[in-house]
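Colleague: TrEMBL feature annotations, pasted as is:
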type	residues	note
BINDING	B:R17, B:R39, B:D180, B:L181, B:N182, B:R186, B:S187, B:N198, B:I199	ATP binding site
Number of protein chains: 2
Amino acid sequence: MTEIPEDHPRYESLLTRHRIEAGVDAGITSRQGLIAQGRGEAFDYLLGERTIESADAAERAAAAQLLLAERPVLSVNGNVAALCPGELVELADVVDAALEVNLFNRTDERMEAIAAHLREHGATEVKGLTADGRIPGLSHERAKVDADGIGAADVVLVPLEDGDRAEALAAMGKIELVVDLNPMSRSAQAADIPIIDNIIRAVPNVTRHARKLRGAPREELDAIVAEFDASAALDDAERAIRNGTTQE
Amino acid sequence: MTEIPEDHPRYESLLTRHRIEAGVDAGITSRQGLIAQGRGEAFDYLLGERTIESADAAERAAAAQLLLAERPVLSVNGNVAALCPGELVELADVVDAALEVNLFNRTDERMEAIAAHLREHGATEVKGLTADGRIPGLSHERAKVDADGIGAADVVLVPLEDGDRAEALAAMGKIELVVDLNPMSRSAQAADIPIIDNIIRAVPNVTRHARKLRGAPREELDAIVAEFDASAALDDAERAIRNGTTQE
């Protein structure tokens, strides 16, 4: 693995590209995942490749919501696993959440490769392989979840999720936290807390907020969640993408 | 190959996706190409997946410029070959241009696969394999062109071109026609005639204009080229992407 100097002006972008390519080599990232990565790059470019203020507020609200949850689950797909495996394991640890692999194009090989990749990055338990639960309203392969994982979760973080599944999870009554760079996507629209940010910036920032909020009383966490306005955050992100400058 | 019904509301998008996937299977489209395809999808989505008026004007100016050229060359990379091989062969025929394969990640296998793919779609001569010319200012592999192709061309159509090479071709004094969905890209900025449109819509529309203009006197063609304002077209496209509605 080539080391990319951290002071390189395109460090984050190069690191992202590098990790996604390595994900293909490891059998983790699919063709659809590469195309999705490109779509994300374009939105991030228009956003100025930065965490806008409303996204930081969403990340703080997500941290509070994960800390309030009784059974939080972080859902992991091929791109998420390739882009920030260690960062997700760290977040799961800080908010005491389970990690569950969920794929748009589910194959046993990719499920196993992703679970192994998460374990290499420190995960002790990875759900998703039992697949004894179902999300109502989705076709067979797409519906599979672990009954004691996403099936029983009250709060789920679903980064880079497909629109159909994001809507079906919302319909199940889960509190849904979505990371997506397109504020107009169905996933972002379906979320209780949409985080319009690059997952590479978003996950460590949710963790940072969670660390700060960990000792806070429930009323304070409840207030942070209640104050967050999903619709205003989506409007703000769309405004930044459409009208914002790409160079600050 | 599955047939996609032409009246499907997402016909063009599905066709594009289908062709790019087939391109991977045929060894034509690279990983970088899939990511680039995703970036293009996002910009096209924001543009409303339509040919805006200023892009149609650019396509008409490009047709006029190709008809005026003494040695026009259409440059073909992996995504271009996957997305519109037949359409490019048709354009080359109508404006009497040469086709030349040029890859960002050049390997003999991909060069051969793309040349073969173009021949299957009706090309009689495909340049790029001789590689006896060089573009000054680029590293060895990236600089390779055919001396009697792009090396000797006065007008080149470079769709979906890398920024470095687009700038190097402009520095050689070539008249450069670029197809790119990002009006802020260096390729689009380097072009004499930037066409901010999906290549799947752009190439057939350049051909349509070329057919209409084929018998026109040189003065008329010169006037069409002279009237085209690249900078205004780029501004217009950026405005459409940033402020335009995606649903007309």
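Heads up, the Cβ atoms here are built off N, Cα and C, so glycines get one too.
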Colleague: Any idea of the Cα spread of the ATP site, B:R17, B:R39, B:D180, B:L181, B:N182, B:R186, B:S187, B:N198, B:I199, as a max distance in Å?
Modeller: 25
Colleague: If proximity means a C-beta under 8 angstroms from chain A, which of B:D180, B:N182, B:S187, B:I199 count? These are the binding-site residues.
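Modeller: So the ones by chain A are B:N182.
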Colleague: What count of other C-beta atoms do you get within 10 angstroms of the C-beta of B:R17 (ATP binding site), across all chains shown?
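Modeller: Around B:R17 (ATP binding site), other Cβ atoms within 10 Å: 17.
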Colleague: Could you list the residues of the same chain, at least six apart in sequence, whose Cβ is under 8 A from the Cβ of B:N182 (ATP binding site)?
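Modeller: Within the chain, B:N182 (ATP binding site) has Cβ neighbours under 8 Å at B:R39, B:G40, B:F43, B:A188, B:I196.
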Colleague: For B:S187 (ATP binding site), which residues of its chain lie six or more apart in sequence with Cβ-Cβ distance below 8 Å?
Modeller: B:V158, B:E161, B:D162, B:G163, B:A166, B:E167, B:V178, B:D180, B:P194
